[in-house]
Amino acid sequence: MRVAEPENIVLKDVSVFGDNTDGELSVRLEDINLVMAPGEWLSVVGVNGSGKSTLARLLAGLQADHVTGEIIRGFAGQSCPIVLQQPKSQLFGETPREEVVFALQWRGIALENINALVERALNRTGLTAVADSTWDRLSGGQQQLAAIAAATAGETKLLVLDEATSMLDDSNRDAVMRIARDLNRNGTAVVWVTQRLDELEPDSRVVAIGGGSVIFDGESREFLYGISEELVEAKEARGRRSVSPCLRAGLRLPYLAAMAMELRDIGKLNDPLPMTALEWGKVLENVGDEGK
Amino acid sequence: MATRGNRENQDHSASETLQLDGIRWRRGAEKEEYSRSTGLRLAPGTITLIMGPNGAGKSTLLEKIAGLRPPEGLQTIYGTEALWISGWTGRKRLNELALRRYGYACQSPEEGLFARSVREELDYSLKPYKVAEEKREELRDSAIRAVGWEPSGWLTRDPYQMSGGERRRSALASVFVTPSPWLLLDEPTAGLDGAGHETVARELANLRESGKGIVLVSHDSDWAMALADGVLLLSRDGSLRFCSRNELLEHPEWLEDTGMSIPEWLRVANLLCRSGVSSDKIWNPAAVAKAWPTAPIRSEGMLEKVEEEASRQSETVVRAEKKKSHRLKGFDPRSVWLSYVLISTGLLALADWVALGVGGLIVCLLLYAGRVSLKRWHSMILSFVIFSVLTSAIFAWGASGEGGAFEGGAFLATLLTFTRTLFILLLGLAIPLVMSPLSLRRALEQLLTFRGKLPKRAQQLTLIVALMMRFVPVLLELWERFVRIFLSRGKSISRNPIAIGRRLRDVSIPFLLALFRLGDEVTLALESRGVGLDARPTQGTRLRWKKRDYGFVLGALVLAVGLWGFTNR
């Protein structure tokens, strides 16, 4: 674990309990230890019901009923904006502009500053041209962008996106991701919760949640493919597949990742295995050279 | 009658083709065989994947095939049974025999569960079919096994005590149990874990083997294409193209024609295919690895282009169909409100049936002039009418005091009051359809502001009103969704009171549950926007009262006085 600087978000042995239908408490998250630095991009993955949404809400500083353990909110401050899966439950205006104005008003921003901030937020998310169009004229991606614009219109140190792209097709998804990355480049820390593994950037930090616990906290390539040394041991011990933390988290290995692992197993490809289209391009161009 | 009996009793799961007519095919520069004019015949024992960008209407197409939406020119025929047939009035109605030819799972089908055990859910899906009890048990058991469970233990489980993934499995089992030749599945694996994907894939392959036909919408393109035989490509303009999955593997650019971007995996697979890996092996990563090419493959920009392409694609333009903004939106919301209050007062003054008739005419004219369609509210309006008549009748029976006698006068007097209310209601219902909730909120706030300050209570009130208005269309959509699920599982279009009562019960339970979930999410979103954190919002730009607003209110005033005058003529 990293050294906890004062401004980091730190979760220390945090557990979250939820109400069961019988009125009993059920464990949603158990003994979570996590540190998040200012400006960091953190991908959180896990299957449905793993507790990843609970973690996202916890990081956003939203109320949870029964929480034990120590939480230092650090740079994030009291509560942070969160963008959810369904546009319909988080849009309160009728147009992107109304949405951003609504958000700024409730943040108590003085009237004379609002217009400039609205323009900036719309501009940043590329929505200026459609600022006054109603939702039925906008794509799902644009609706999510409006939610992001509203969420980040004020000064925000941390933005949480809880499966914000799961209802979107690839091109809409790319637009939302690009804006989130732009914000991140300008210093906003981002928690990106997803089930779609093709959204993971190579060599970025991934936290995998399974059964309410952190089962992996490391780099994305390692998350998909495991580490070579472990692989060797595991081959002798348990059979090869169990080493991918991705499979351990119960997630489906995408086609390309599955193929890369098969190639490594039969010695046709070595670590580091490819993750992006560009890396695959290099692999294909060098076919015949590898393994020698 | 005899033939009908035979048709009803035939083996429900016997294989048959699914024919779709009235499709607008995409005409491109490609080979002749794609520019077909005839319908599409999907063969039994095949899996067809529907692909297309957001907003192209993949789910809508599937719902049309299931008869859950007006067909809009699409003719669907299961075997020999047309989905829509003309009734004796000449109006098109759904054919229950065709409804029984498919099992359908909408997105997140688990939200439609309402029974207290898995067994009850399965039986509910089986109810429209005449199946002997031994056969039922067999169907139930194999459906439970199909989702990777053992019948003993799982049949008695309560879906509400299950995790999200388990609930999905229960919902899928209650679709797999349907003894019908076709299965229509909308995103069956969205949100499922890796094991769930494998289980569903295995079951779909088994069903195909047994001669069932499957139509599938899925955005897990690598998972779904590995399963599919044919692919139906749906463009934003509504045109379709049908090809085999291997043709799509050779021509991934067809995806771009629809407005989608080509997934990276398909780009790589396409390159491998072009370099000589046989298309049968492509779908199995292990087989590809074994047949790995030995000579370098030049990607010819196929892979480098991706990033740049993504940014181009992301400049998604506004959707093609543009609706004109409603004319009432040009007015100050306060003038609309004020006019509504004025006209309502006028309507309340109506005291006899002749005047009421004139009032009704004016309401209709106003709705027509405002281009307001109350279609979405029709079931609610209908309920109100039935309620009014019934209440008036009960009142009329009770009014005589002696019992038994029906007082016609009392009946009409009560009905008059209800009718007046109905007119006011009709106008009121129109407002949220044409006005933006936030502008209404602003109008209310400005009305309630006293000496530049808005009391906290008033603040909360206006927010609640605005939110309720905002979510009315969402609630309507939600209700319609569960009505569709009910129709797809119950397969009954009967309109008798018992059937309607049953529908109310089976639709309202999942609806209320969905409402709670929505409420949770809305609260969360509001909280994260800072609403409710004791923050006092700044007030937005002040509305300006324009000339036409005065005109609008003046018109309403004249109307109200006119109605009042006519009543006292």
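Each residue, glycine too, has its Cβ placed from N, Cα and C.
If you take every residue in the domain 'ABC transporter' (B:18-261) and average the pLDDT, you get 88. According to TrEMBL, the feature domain 'ABC transporter' maps to B:18-261.
The feature transmembrane segment is assigned by TrEMBL to B:337-368 (among others). Counting residues 6+ beyond its ends, the transmembrane segment (B:337-368) has Cβ neighbours under 8 Å at 374, 412, 416, 419-420, 423-424, 426-428, 430-431, 440, 443, 447, 552-553, 555-557, 559-564, 566-568 in the same chain.
The feature transmembrane segment is assigned by TrEMBL to B:380-399 (among others). Residues 374, 405-408, 410-412, 414-415, 418-419, 422, 425-426, 429 of the same chain, all 6+ positions outside the transmembrane segment (B:380-399), place their C-beta atoms under 8 angstroms from a C-beta of that stretch.
Positions annotated as transmembrane segment by TrEMBL: B:411-440 (among others).
The transmembrane segment annotation in TrEMBL covers B:550-567 (among others). Within the chain carrying the transmembrane segment (B:550-567), a Cβ under 8 angstroms from the stretch's Cβ atoms is held by residues 331, 335-336, 338-340, 342-343, 345-347, 349-352, 355, 358-359, 362, all 6 or more beyond its ends.
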